[in-house]
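Asks: What Swiss-Prot records for N170 is site 'Transition state stabilizer', and it gives similarity to another entry as the kind of evidence. Residues annotated as NAD(+) binding site in Swiss-Prot: G246, S247, T248, L249, V250, G251. According to Swiss-Prot, the active site, proton acceptor annotation covers E269, on the basis of sequence analysis. The feature active site, nucleophile is assigned by Swiss-Prot to C303, with sequence analysis given as support.
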Amino acid sequence: MPSIFTHQWDTPVYKGSTSINTGLFINGEFVDGVKNTTIDVVNPANGKLITKISEATEADIDIAVEAAHKAFETTWGLNCSGSKRGDMLYKLAQLMEKNIDDLSAIEALDNGKTFLWAKSVDLSLSISTIKHYAGWADKNFGQVIETDEKKLTYSRHEPIGVVGQIIPWNFPLLMLAWKIGPALATGNCIVLKPSEFTPLSALRMCALIQEAGFPPGVVNVVTGYGSTTGQAISSHMKIDKVAFTGSTLVGRKVMEAAAKSNLKNVTLELGGKSPVVIFDDADLEQSVNWTAHGLFWNHGQACCAGTRIFVQEGIYDKFLQKFTDKIKEIKLGDPFGLGIDQGPQVSQIQYDRIMSYIESGRAEGATVHVGGERHGNEGYFIQPTIFTDTTPDMKIVKEEIFGPVGAVIKFKDGKEVIKQANDSNYGLAAAVFSQDINKAIETAHAFKAGTAWVNCANTIDAGVPFGGYKQSGIGRELGEYALHNYTNVKAVHVNLNWKM
């Protein structure tokens, strides 16, 4: 039998305990993996072992897929009404609200984000997402299409079947909600793999999924490595769709595996190198505040982080000074500490990756204007870092770093800055700051990006679509658009009085 992980917190911001089954969640129960191997889960705040979780192998994926198929053919899919699916989703959201402190603490423990941030942002958005799709479950309509008087013609939106979902470590619970919400609302069954770095909130959610009344096999959670468990999901011949959030590099591998197997439907939400354009007429105070939020939220570990900050020459010096002052106010430390703004990066691997980019920036001739060093003596903490004196060909300007590192770049001409902003392989998001609303909207429309923020940054809502252009992905998360990711459209032609 799988072990139970328990943990007690007695901190300035939270006092409580949790209990998490560390097994694989297959067919409505926790089980050991076939090979009974485990993965270490590490606390990024101190580098110490939290617990061990079961590792899913290809054989475990086969078992999970069979359970999902059985549920789809018997208790879910077209065998369960949209209103019943919606009731269960809403019950799940209520249980998340009831357990919000527990889930927030778990998120802070293995991810490193602060407890207060996890509660106010991640959990709030996760709950609103599940509620949003609870409302959609009985409203996924087709339409009657007028052709001629001899026929009745209409469309149906039908669930795809068994979907594989692979989620990242930067927003573990939120990405789970983004994935399972629309998939369950439309009647699909799920085999989901959380990141091996941050699996605990997904495993805790399995107990809530049980309590909410979802039939066995509808949601299966399999923990493991991307190269093995993720690969097995992407290439499985009986999985009808795969949805992946993560790096563009791995997204290519997922798409390739999907194509080489059964040409399964693919949704990808991938990397970004988002531009922020600040014109001379911008509200200086607000642009500083929003830009800091856009770059440093979640410790810079966000695909839509505004890392290329273009500031018009008329306010460049003032902006840089105020932005520097703002950055120096950011307080790093224990995710369960009082007044902490930024915790550690998620892992040693990610810490090393970010520090290598900082060294690359120095080596290529950029200036570290602020930050650029490790913080403290333990854990994976990195100072918020800004480069100046960059050129477009530098790695820190071109490549996604996925950490608290950005570049502030001076520009002169409004038309030229759009070319610079769009000069990227990515196109996930962009932001513009100007008090001239016509100029701001014109700039927003000129961005080659799936999301454009005007006088704000990194604002997300469950009802608003999110996704990328170019190498930032395929398909859209959130809102009504996400339902399309999980449905097949069937056209039905009914002969009324057409004689041959």
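Backbone N, Cα and C define each Cβ position, glycine as well.
Note that the structure is predicted; figures quoted are calculated from it, not measured.
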Asks: Taking only same-chain residues 6+ apart in sequence, whose CB is under 8 Å from that of the residue listed as 'active site, nucleophile', what do you get?
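Replies: Once residues fewer than 6 apart are set aside, the residue listed as 'active site, nucleophile' is near N170, T245, E269, L270, G271, G272, E400, F402, L428, S472.
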Asks: Taking the mean position of the Cβ atoms of G246, S247, T248, L249, V250, G251 as the NAD(+) site, which residues outside that list, in the same chain, have a Cβ no more than 8 Å away, listed in sequence order?
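Replies: Leaving out the recorded residues gives F244, R252, K253, V254, L270, G271.
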Asks: Please name the residue among the recorded positions N170, S247, T248 whose C-beta has the most neighbouring C-beta atoms within 10 angstroms.
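Replies: When each Cβ's neighbours within 10 Å are tallied, N170 tops the list.
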Asks: According to DSSP, collapsed to three classes, what secondary structure does S247 (NAD(+) binding site) have?
Replies: coil
Asks: Quiz question: given the binding-site residues L249, V250, which has the greatest number of C-beta atoms lying within 10 angstroms of its own C-beta?
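Replies: The largest 10 Å Cβ neighbour count belongs to V250.
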Asks: My understanding is the cutoff is Cβ-Cβ under 8 Å with a sequence separation of 6 or more in the same chain; which residues meet that for G246 (NAD(+) binding site)?
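Replies: Same-chain residues close to G246 (NAD(+) binding site) (Cβ under 8 Å, separated by 6 or more) are I166, P168, G226, L270.
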Asks: So if I measure Cβ to Cβ from G251 (NAD(+) binding site) and keep only same-chain residues at least 6 apart in sequence, which ones fall under 8 Å?
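Replies: Those within reach of G251 (NAD(+) binding site), by Cβ under 8 Å and sequence separation of 6 or more, are F244, L268, L270, G271, G473.
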